[in-house]
């Protein structure tokens with residue numbers, strides 16, 4: 001590999017994940033250690049889950065399907081990831097100006113950025129390919145040639161998802177660049193794209209109904225969702241040419257992407273840079289606002305100023321608004337028809353509070369709210385205000401976001417599910433309790449572990465310790481009550497009452513704790 | 001106005017950043033703070049304005065302790081850092097308004113101040129531009145206007161002349177003098193020794209985290225230039241290092 005590309009890639013990687021801090025003293029390296037531990041834990045869970053899935057396929061007599069199934073599922077996951085990650089890594093990246101001053105070609109920069117994406121995607125794909133090697137490879141049907149081909153395919157598999165992510169990501173920015181509110185439009189386009197992609201997956205996976213032949217069912221489901229799966233067949237040596245065709249197509253796509261993308265890289269980034277320095281701002285009258293409003297407005301402005309921060313922060317709320325609107329427009333029956341299992345209206349009413357709360361948990365800008373101050377933290381530190389006010393503003397920003405989705409969901413719930421008084425109380429109390437819990441928890445984590453010296457906000461927004469810990473905790477506090485409700489372990493009102501008391505009490509503790517953590 | 005009493009700061013690895021710093025800035029003072037890169041100027045200033053904590057000593061601003069009553073201390077300060085990283089997504093006017101809101105500057109007063117200082121620093125036509133589009137000097141000017149909008153008693157400036165063009169630099173010096181004459185105080189760090197000598201009535205020289213000279217300009221410099229004094233301090237230190245080795 002070209003030496004310059006390698007240096008650029010290593011530098012880019014070190015900026016996004018500071019590996020070197022892993023070996024530093026306890027306090028300095030703690031953040032990175034937590035990040036690695038959380039990612040490792042997540043990886044181990046996924047690895048175990050995929051190994052169990054592969055073993056289930058063996059027990060169903062579908063051993064030959066394992067490689068294709070795992071590669072297809074990992075590809076779909078990688079498409080989602082690359083749609084979320086391509087912008088910010090290649091286009092609209094904060095290091096564009098700095099990189100432009102180096103004696104390297106645009107093609108070299110572009111390839112190094114692709115390598116960056118490839119590295120992360122390969123790590124994800126390994127979580128799917130390792131179980132294949134553990135379960136499928138020892139099987140008699142897997143010849144050494146097929147195993148070798150699988151190994152090569154596993155290395156190639158991130159290429160198509162990356163190409164899809166980069167092409168769509170650049171399209172999003174290209175279209176958004178025509179608007180004054182570029183970042184908001186870009187995030188809206190990205191959300192529409194993710195929504196369309198999710199809808200496509202749901203509808204395509206429901207199109208096959210022949211459950212008698214599980215092998216044929218899974219094969220059709222895979223190929224319906226991810227077309228390149230037709231070439232990923234490792235059941236016999238007859239399909240070698242299919243696999244070779246897949247490798248060839250992937251390589252060809254990559255070459256085309258490099259050739260066209262590297263030409264477009266500078267043009268699009270320059271356009272984005274010009275928009276960043278947009279001077280076409282409407283002159284507004286000077287007004288006096290309260291300290292709280294000024295700080296809250298500043299938080300909202302920060303949220304809307306970063307593509308990565310906004311996209312990650314509003315995903316859950318937008319999903320809640322979208323599903324609530326869908327519920328209002330189409331009713332319960334049409335929506336439940338999209339789910340591949342029968343769910344009664346009563347169950348929907350019972351789990352609605354936890355479901356809407358779960359979506360709010362995804363939207364949690366407080367986990368990065370303090371770190372997002374970056375090198376501007378001196379401003380907050382020198383303002384003549386109590387730390388409590390800063391905390392209130394940061395919490396209020398997230399609450400505002402949650403409330404915007406919450407009230408629509410409640411209206412949809414009342415109109416379409418006609419709840420009784422008790423159900424309505426839970427539908428209000430539970431999401432609010434979750435919201436209070438996760439915002440205070442996220443902010444406490446960020447205050448305990450702030451990072452102001454970042455170069456790319458992607459690290460802060462997507463993989464910083466507060467974000468990962470908050471995501472894990474969020475998952476746990478949704479799964480446990482949901483399981484208790486679905487398996488009817490305890491009466492619903494006991495679960496919800498206990499949950500709301502617990503979450504609100506914890507929120508109070510977290511809030512108090514955050515107030516005691518000194519910024520200075 | 002500002003009393004810095006025996007403050008010391010040590011980093012987590014045990015390295016001493018500043019040791020036993022004593023400063024006394026009174027109303028009417030323009031106090032220059034001089035030192036080589038890494039001498040401890042910014043650390044001292046950041047401790048005064050409440051950005052960094054310090055291990056020993058105490059800082060008083062108008063009788064309020066920065067440790068126990070930071071809010072009252074900060075109300076009296078205008079701080080400009082050496083590299084003004086501002087909220088780039090805001091316009092200059094939005095940023096100034098944000099600071100004015102926090103300092104609760106009344107509407108008519110803030111309008112007058114914004115008009116006055118943006119005219120002085122030639123930023124009137126650029127106030128509605130995004131800060132992201134500003135040059136370093138323009139950011140510095142916006143930071144200055146925002147810092148002055150609440151009429152602070154004490155200016156604390158870290159390398160204020162870096163990035164400013166000659167006109168803005170001249171206006172800033174004039175403002176500093178005017179502020180001191182009106183009973184305010186100015187404390188600033190600089191590498192431009194000629195400016196410090198012309199502008200300041202008091203000066204402190206910091207070397208390797210400790211104050212080596214401190215007092216009235218005439219006492220510190222005598223008949224020599226500040227540059228000569230500064231070089232003497234450096235050379236003495238070098239000689240001491242050689243002797244110790």
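Any Cβ shown, glycine's included, is placed from N, Cα and C.
Not measured: the values here are computed from a predicted model.
Annotated features in TrEMBL:
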TRANSMEM  A:34-52  transmembrane segment
TRANSMEM  A:64-84  transmembrane segment
TRANSMEM  A:117-137  transmembrane segment
TRANSMEM  A:143-172  transmembrane segment
TRANSMEM  A:184-202  transmembrane segment
TRANSMEM  A:240-261  transmembrane segment
TRANSMEM  A:309-331  transmembrane segment
TRANSMEM  A:351-372  transmembrane segment
TRANSMEM  A:393-418  transmembrane segment
TRANSMEM  A:424-447  transmembrane segment
TRANSMEM  A:467-487  transmembrane segment
TRANSMEM  A:493-511  transmembrane segment
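A Cβ distance under 8 Å defines the sequence-distant neighbours of the transmembrane segment (A:467-487), meaning residues of its chain 6+ beyond its ends; these are 34-35, 38-39, 41-42, 312, 347, 350-351, 354, 357-358, 361-362, 364, 367-368, 434, 437-438, 441-442, 445, 460-461, 495-496, 499, 503. In this chain, the transmembrane segment (A:240-261) lies in contact with the transmembrane segment (A:143-172); the count of Cβ pairs under 8 Å, excluding pairs fewer than 6 apart in sequence, is at least 3. For the transmembrane segment (A:240-261), the list of distant contacts is 90, 107, 110-111, 114, 145-146, 149, 152-153, 156-157, 159-160, 162-163, 166-167, 170, 228, 230-234: same-chain residues at least six beyond its ends, Cβ to Cβ under 8 Å. Cβ atoms under 8 Å from those of the transmembrane segment (A:184-202) belong to residues 76, 79-80, 83-84, 87, 92, 168-169, 172-173, 175-176, 225, 304, 307, 310-311, 314-315, 318, 322, 338 of the same chain, restricted to positions at least 6 beyond its ends.
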